[in-house]
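The structure follows.
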DNA sequence: ATAGGGTTAG
């Protein structure tokens, strides 16, 4: 085997050789004498040459070790190795192997260290108590459990079990490989044999921290303190992040006090960890005191402060420190830049974030990395800055190859952010193209979730559900397990579509799977929302009642639910409960409470609440509260009161206010005020189809056909198209969608036949078709065709055909329900054996035995 | 051994 390690060719330098010869000529020819003055690599090589020439390499047993030592100290490891390979194995010379292996470990080349070890074994050497810790460290660096465990075996064979250094190295190695059971086992053996020291405890704590088990780490730390082991700097640096992430202020302060008493605060690392602990506990002033008192600071200290300020909302202070860093010429690193970029990004300042990014790239001293790009993309997403987002995407595409070489997971993270950015900038189709181009193997739960979330919030909710089924079904390459985020997004899509059946399935899935406590709260809140929006507020209440933990969102969601379903008194009861439970009541709560009052016609209660809000809670009414009040009076037909309210507003009425008034004018047929409201809306630039449709409906109610025609003409001219009315219903076989006069459904004939029968039946009961309404929602070419049926009626007929008797029929309409349909359906609820639950764009209507829950407040 | 990042709700 020795031939593998040939001595590299020596460079021939005549001049040097001469100089060398003259200086050593007088000395006796022994290895010790000759090597005395050898320092540089070239000189060592010349010495090696001389040794060989004089035959010392074979005659003097100290010659080769001397050369190895010199090669190592002149940083020529390959020469050292080649020379070492010529030495006969002996325990006293293992030291040189250890030096080589240590060097490799220190240079963070664990593979090289382990290769050296293999060579060593092949050449017949055995490791000693120093070799093994280095090797174990290399295994931990990789990390490689397999190789670490095999070295553990060797430890046992060679009898190094009770060597503290080896034991500590084993604990650390297993900890780094994430196998805490093995680490614990070795650690327990060390405790039993009383060989455990501070380092052993520290390694155990570090292992738990690395695996994210900070609670276990803290337990271990206090067990150590209980065992009368004094924590050292490393112990503190290990445990402080646990206090930080757990917001354990008391324990953190205790550690700070200990560091002060022992003088460990002066350690830079300890100081940094304390600053970070206070920053994470949002005690920025305490953090600042420690930071200011630090004799030595480095970029980490500054970064901890900057991110602390940024994340506690004191962004100006963060920027101030950032500028100070630049002034004091602190070498900024990628973390500094990323923190500032993330600070802007989190506040929705995508443009500023991009500007700092450009400065960073311009500086050229630190390369943007995954964190930088991800923060930046989230900033663009938040600001809806599509163009800037594209710029970052381009940069990312160029960078991604480098990133991918390091860690593919990181590259995927950037791509996930790119997809999210496009989706949030309302470019779902671009997002989808990026998504489709990701190799299915690399799609992770976040990749799916951002795409699903994009659809459920900005795009077509049906696409979200479609994608969700692809995600969880086997027919795709591999099913991905949805997490709480995914579930929330899917439930949001269900809410939008009132897809109760799928929503229930997701509910079942949630019950079967265990989620983290904080996730459960979030998911339960989405379930409440889903049940409320799908028309089953009672089940929403059951979910609410079964929650082990609720927050403001849970209460307000349910409150909104009672409001939408016209159960105003229950809403007010819940509001009382909310106050009793001591939940924070804010402006949003009152919007919801007032909304509930207006949708149930509780005018006096609403007025009362409005007063409570200002007088008891000191909340200054915002424009949204005034909109609710206008709606409250308007729905109840008190249009003058509504107008009075508008006049009393201290701010300019927003479009919402005028829409509320306009809607009321439609229900209560007030042409004059309706014209006024729509004039205001047009002034505000709200020229949408809703405005025109409402106005046109008001004219139609008042039989002012010329004005109806004028509005239609206006809409044609301005190119504003009325969104087609559309209703859907969940039948036995799936969801069926209908447009006005829709005859495309396979059951179309049956549907129209049934509808005809029902019409005859209810006409006999006194129903008079209101032909005014027939004109509103139809397209021009269908005008005058009295046989055309509105989508909600078609959906109802389909629902009756496919729903078992006694089971409620749930219909959802994208626009407000038509007045004639409302009357017709009220009658129909008298002749069929179903409750009819209809969600329109304004509220829920529960039709039962000839009554509607809206009681006219729609 | 210390600092930074992506997906969810009223």
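Every residue gets a Cβ built from N, Cα and C, even glycine.
Nobody curates TrEMBL annotations by hand; they come from automatic prediction.
Among the features that TrEMBL reports, domain 'DYW' is placed at A:766-858. For A:93-127, A:163-193, A:197-231, A:298-332, A:333-367, A:444-478, A:551-585, the entry in TrEMBL reads repeat 'PPR'.
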So what's near the repeat 'PPR' (A:197-231) in sequence-distant terms, Cβ-Cβ under 8 Å and 6+ beyond its ends?
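Those are 164, 167-168, 171-172, 174-176, 178, 180, 183-184, 187, 190, 238-239, 241-243, 245-246, 248, 251, 258, 262, in sequence order.
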Counting each residue once, how many in the repeat 'PPR' (A:333-367) are helix, strand and coil under DSSP?
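The composition, in the requested order, is 27 helix, 0 strand, 8 coil.
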Per DSSP, what is the helix/strand/coil residue tally across the repeat 'PPR' (A:163-193)?
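Tallied per class, the repeat 'PPR' (A:163-193) gives 26 helix, 0 strand, 5 coil.
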Go through the chain and flag residues at least 6 beyond the ends of the repeat 'PPR' (A:93-127) whose CB is under 8 A from any CB in it; none is fine as an answer.
1, 65, 68-69, 72, 77, 80-81, 84-85, 87, 134-135, 137-139, 141-142, 147, 154, 158
Do you know the mean pLDDT across the repeat 'PPR' (A:298-332)?
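Per the prediction, mean pLDDT sits at 91 for the repeat 'PPR' (A:298-332).
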For the repeat 'PPR' (A:197-231), what are the DSSP-based totals of helix, strand and coil residues?
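Residue counts for the repeat 'PPR' (A:197-231) by secondary structure: 26 helix, 0 strand, 9 coil.
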